[in-house]
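Trainee: Quick one: structure below, then a few questions.
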């Protein structure tokens, strides 16, 4: 009974396969023509649509066995058949049902050729289609080849052809979608976030497309924020900036948080380093970098802190040397900074070299100044120097030369007039101005006046000495010299009485330069006594004035500028007194200013100091400018 049912089913299947409906054939031909006319890249739906259309295809109806029920079962007329052929047909169908497409009917029974050919043809077609489909699936799914299409030949008709067309459409849509994903993924891998998936899709593929495009948008936003933060922090130097990416979660949120953490840490580190660097720039060496860091930032932190330590040591040593040299006056101090190299070592060496040079220069200048103060004008500053110190040395040496010339000329005139009795001598000091020129002129004026006066007195006294009492002193004089003139002229008449005394006093004072001499005329009274007293008073006044002037000039020569001429005087002697006192004042101011500038430059290390000596001109002005 079972064999009968199988035979009936095979015959029914054979009838369905070998007798196609005319309407369906015509329909398939029309669809095939339309498909050939349409472009290859025309969208025909998703692979899911192809599967759905295949599931609704009439091919499945054709391949389904007719159920064995009494309601729809028709009993065809039994034909003569070969039992072997039927058995083989059953085996082939069973094999096809089991997925084995290599079985065929081998029976050569002539009456069953239709059944044999139909079953074998079906098996061949199934095997051919299966091989092609498997090849396509293998290349797409295993080898990853896109754009693969299953070949269709003329033997494929009906549902088989429709199945292959739908399969190719599914493969084409799959290729387009995968290639679109690959293009966008490649662009992302290359850093191009401007592309998104644009291929049409439905179902889960549409969900994948939207998810992928959302991911690209998130990447765009994330990259934009990271770029902004990197640009503001790294290029514009804006610290405290953070990335803001809304609507993200998971790894994107972690990446954003990590970028913000990095920016925050970098901000804290850079601000701490900047705070310390600013403090160092402002001279505050008490601050150090304390922020927690690692890696190269830790190396930078340690380097800056080490730099601050070395700067502190260096500053301490430089301050110590400066105080010793500039305040305490201890020359030759040396800065000692251990474990330094490069620029710090060079700076330390330069400071020590500066201290050593300043010490040598100041000591040399001090030795010359001390020699000048002691009246020794033979020494000069000979140390090597440059810049303002060289100017000071040249000024000091020029001052010594001018003091030498001035001293030599004054000494010469003084010797000629006061010791040798040579009148008319003049001091010649070249290239001088200011107080030095005034002093020279005053000395020359004093010498000239004294020469004229003494010569006039000498002429009268000579005449008197020769017994000629007709001559009198007629030279212009003032003050005590004028009194002397009058006294001499008045006493000419009575010169015989005290000629010897006057001659003696005049010779002692005017010729021999002996001060303090007194005329002794016994037994005189009245005018003669007064005259004698006046002569003695004149000698005493002149002695006081000359000795006072000599005492002050000697003090100046010895470097003591604290003394002035205080003796009462008038006339030219008063002018001489005022001139000498003014000279002492200007010398004191000049010496004070030179000492102050020398101390500031040489001792305290303050360059740029200027000597201020008011109301001076000539050599004193040039000395001050130098």
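Glycine too: its Cβ is placed from the backbone N, Cα and C atoms.
According to TrEMBL:
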COMPBIAS  1-14  compositional bias 'Basic residues'
COMPBIAS  20-37  compositional bias 'Basic and acidic residues'
DOMAIN    172-224  domain 'HAMP'
DOMAIN    264-316  domain 'HAMP'
DOMAIN    356-408  domain 'HAMP'
DOMAIN    448-500  domain 'HAMP'
DOMAIN    540-592  domain 'HAMP'
REGION    1-49  region 'Disordered'
Trainee: Short question: most Cβ pairs under 8 Å with the domain 'HAMP' (540-592), which of 264-316, 356-408, 448-500?
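Mentor: Most contacts with the domain 'HAMP' (540-592): 448-500.
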Trainee: Counting each residue once, how many in the domain 'HAMP' (540-592) are helix, strand and coil under DSSP?
Mentor: 40 helix, 0 strand, 13 coil
Trainee: Taking the domain 'HAMP' (172-224) alone, what is its mean pLDDT?
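Mentor: Residues in the domain 'HAMP' (172-224) carry a mean pLDDT of 84 in this prediction.
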Trainee: Just give the helix, strand and coil counts over the domain 'HAMP' (264-316), going by DSSP.
Mentor: 40 helix, 0 strand, 13 coil
